[in-house]
Amino acid sequence: MEICRGLRSHLITLLLFLFHSETICRPSGRKSSKMQAFRIWDVNQKTFYLRNNQLVAGYLQGPNVNLEEKIDVVPIEPHALFLGIHGGKMCLSCVKSGDETRLQLEAVNITDLSENRKQDKRFAFIRSDSGPTTSFESAACPGWFLCTAMEADQPVSLTNMPDEGVMVTKFYFQEDE
C-alpha cells in the first residue's frame, strides 16, 4: 500500500510538471509584431536590389552581391504579412488607380502598420507556400501577385496572371541569419 501511495505521488508530481511546462511553452495566441529579415530570390535565381529608388530583380555577382535587399517582414496573421526594405523604413504596397494596379515602395515604418487600419491593407500580402517556393498575393488587390520579369534587371511588380508564364511569381524565401 505504501509503494502505491509513493508511486501515485510521483505520478501526480510528474503530470503536474508536464502540464505546467506545456502551458508555459505554448504560444499565448498573441501575434508577434517583431520584424524579421528574409532573403528572397525568384525561381530563376534573381535577387532583389534597389536601383534609382525602385526595387529590381537581377543577377548580382562579385562585389555587387552586397546590393541585395533583404526583405523585412512583420507577420500579422498566420499567412499574412507586411513587407519592407531598408530596416522596415520602406514598405511594399499595392496601389490601384483606375484600371492600373501597381507595386510601389512607400516611406512608411513597417512597425507602425496595423492590420486593423483599412488604409494599411495596401501593405499586406498573403503568403502561400508550395513545396520550397512561396508566392505573395496582395491583400488589398486579390488576384494580384508579387512578380519579377523573365529578363534580369527589371522592376519587381504585380501580375494578375500568375500561371501564364510571362512573369515569375514563385520565390525562395529564407530567414536571414
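Each residue, glycine too, has its Cβ placed from N, Cα and C.
Database features (Swiss-Prot):
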- C91-C141: disulfide bond (DISULFID)
- N109: N-linked glycosylation site (CARBOHYD)
- 1-25: signal peptide (SIGNAL)
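For C141 (disulfide bond), the same-chain residues 6+ apart in sequence whose C-beta sits under 8 angstroms from its C-beta are C94, K96, T101, L158. For the recorded site, C141 (disulfide bond), the DSSP three-state label reads coil. A distance of 7 Å separates the Cα atom of N109 (N-linked glycosylation site) from that of C91 (disulfide bond). A count of other CB atoms within 10 A of each Cβ picks out C91 as the most crowded of the recorded positions C91, N109.
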